Amino acid sequence: MELKGVQPSNGSANGNGTTNAASTEKADTEKQTAERTNWGNGLEFLMSCISVSVGLGNVWRFPFTAYENGGGAFLIPYIIVLFLIGKPMYYLEMIMGQFTSQGTVKIWSVVPGFVGVGYGQAFGTICIISYYSSLLALTLYYLFVSFQSELPWSYCRDEWTNCVNSRPQEYVDNLLTGVSLANESARNLSGIGFVANDETEKLQSSSELYFLNVVIKEKLDISDGVGDPDWKLTLALFVAWVVIFLVIMRGVKSSGKAAYFLALFPYVVLFVLLIRAVTLEGARDGILFFLEPQWGELLNPTVWKEAVVQCFFSLAVGSGPIIMFASYNRFDHGIYRDAMIVTTLDTLTSLLGGITIFAILGNLAHNLQIENIRDVVRSGTGLAFISYPDAISKFQAVPQLFSVLFFFMLFVLGIGSIVALQSTIVTIICDQFKGLKYWKVALITSACGFLMGLVYVTPGGQWILTLVDFYGGTYVVFILAIFELAGIVWVYGLQNFCDDIEFMCNRRVSLYWRMCWSFFTPVMMIIIFIYSMATIEPIKYSELYFPEAANIAGWLLFAIGAAQFPLWGLWYASTHPQGTYWKSLKASLKPSDRWGPANPETRREWVIFKNQKAAQRATQKSTSKLGFFWRKLTNFCGSNK
């Protein structure tokens, strides 16, 4: 279609004075773009994308997600999901950010009625930030105490009954002594402890008791509240937010430089840990346990759902960082190459992290003389702060060194992820209120992030983390990603979008991308979301169900995030009247005058290009129907003809 609403000289008449408003918004956008900072070079952008996409999701979440969902067989649905959902969504978000030079909210000038998608994603991002920072606090805590002459979780305290030390050999001796005194045939292995019989309490390792009793001071009943913040974790949380602020305070000028370290250092540590891990006794069994496929799990829909969730969590799609990072690129930057590098590297890092972690856990099972490695693996937070420390404490040579390396690596990975998420929020605010100084917004939002994080460093904090992650992070991000894709491909139109890509990248869009964006990606996401909603079960923490009030609060959290989409759409139609309200709604589904490249000269060239494309299609329609459909097919397939 001809772009009457985005002519460089004047906008379309919207009635009730909205033409002047649109012109003012357009002028503000062009002024902002002229002042918008770009990456120092393309490598800074690539390193930043790696630092957010290759993070805790690869080392912490992927290993236990894989082993819980078929082991090596999980790699098959994960790779399929990566190619049909992960890569297409990642590339699409890169394109949207770079094409418009705008953040997560402002890009919706393409379909103004969908602006609520951007605000909803911002809400989901804030939820993720709130608990992600508490994981950094835990990581910092373990990092600091790792400098002691003896790892504090490797030995029992006097007040801990039924505790066995996590020291090398002594742990095994104590454990085997406990076994010999009990009815071995009645053993019920659970985690890294077990129940000897009905009258014997569960033996627990010192690493588990240290985490539960010393670090988080776990509270198993939150009906009377979550308790007060722990001062040590509060201090660690404060330090984490100071580091985050220092990295983002100057925008991409500072975060771009930090990205080199944030992206590359974890690989150095990961390779060091890998070399050490594969040389440990029992490592081979752990690796085989991780990679051995359970083919029956491929027919389990839950496995496919978990593959999608892991893909979103790992690549950070649907929450805004990729759009935000790409918005600071030059218009002609080669993002196709970067998208392929990051998504491929993300998968390889997940495999590398899984092999490393399960090699360590294999050694733990060997030391405990436990045949089933499943019995030493904990999911969630316990994997990073119980199973890993327990395994490291059994290293014969300088376990303190490997503990420092491991937790510093986790901290760097977490910083890389949260810097991107926090920068997304700062960019949204600065795009909306152009007179604000970036560093001031970064300071205020960092202070707010610290205050929100306090609830997670209380004795009941892990309950809140589980609740917010489930309702406010996973499901909000997922449903809004569906709306994001639908708005661009189905409402704005696949052909329009592909024309924009061709103009920006100077290359036709291949059949693979067209098929994924128009069919495979949205259909798979919709089916998986419906299945997830239909089979959803009450969430639990530490095998305990949440109180009914907590579940209600969780659903309210989800409703607030998802409701941003329709509410902001109705608001836009109300504030941009086009006669009747129905006409206003229809108009909100068409690109506004602000849509397109932000640079005025590039914008003029784009308008000419789009109008030429519209003229070509108008000419094609006047030919025979057979020829018309043939040309439509070749256009869809990305032919250059």
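Glycine is no exception: its Cβ is also placed from the backbone N, Cα and C atoms.
Pulled from Swiss-Prot:
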REGION    1-34  region 'Disordered'
TOPO_DOM  1-38  topological domain 'Cytoplasmic'
COMPBIAS  9-24  compositional bias 'Low complexity'
COMPBIAS  25-34  compositional bias 'Basic and acidic residues'
TRANSMEM  39-59  transmembrane segment
TRANSMEM  72-92  transmembrane segment
TRANSMEM  109-129  transmembrane segment
CARBOHYD  Asn183  N-linked glycosylation site
CARBOHYD  Asn188  N-linked glycosylation site
TRANSMEM  229-249  transmembrane segment
TRANSMEM  258-278  transmembrane segment
TRANSMEM  307-327  transmembrane segment
TRANSMEM  341-361  transmembrane segment
TRANSMEM  401-421  transmembrane segment
TRANSMEM  441-461  transmembrane segment
TRANSMEM  474-494  transmembrane segment
TRANSMEM  516-536  transmembrane segment
TRANSMEM  552-572  transmembrane segment
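Annotation: stretch 72-92 has the most Cβ pairs under 8 Å to the transmembrane segment (341-361), among 72-92, 516-536, 552-572. Outside the transmembrane segment (552-572) by six or more residues, the chain places 112-117, 119-120, 123-124, 127, 467-468, 470-472, 475-476, 479-480, 483, 539, 546, 585, 588 with a CB less than 8 A from a CB of the stretch. Using a cut-off of 8 Å between Cβ atoms, the transmembrane segment (516-536) and the transmembrane segment (72-92) share at least three residue pairs, counting only pairs 6 or more apart in sequence.
Counted over residue pairs 6 or more apart, the CB atoms of the transmembrane segment (72-92) and the transmembrane segment (229-249) come under 8 Å in fewer than three pairs, which marks the two as apart. Beyond the ends of the transmembrane segment (258-278), by six or more residues, the same chain brings 44, 47-48, 50-51, 54, 59, 247, 287, 349, 352-353, 355-357, 359-360, 363, 395, 402, 405-406, 408-409, 412-413, 415-416, 419 to within a C-beta distance below 8 angstroms of the stretch. For the transmembrane segment (307-327), the partner stretch with the highest count of Cβ pairs under 8 angstroms, out of 229-249, 401-421, 441-461, is 401-421.
Below 8 angstroms of C-beta separation, residues 133-134, 136-138, 140-141, 144, 215-217, 255, 258, 411, 415, 418-419, 422-423, 426, 438-439, 442-443, 446-447, 449-450, 453-455, 457-459 of the same chain, each at least six residues beyond the ends of the transmembrane segment (229-249), sit close to that stretch.
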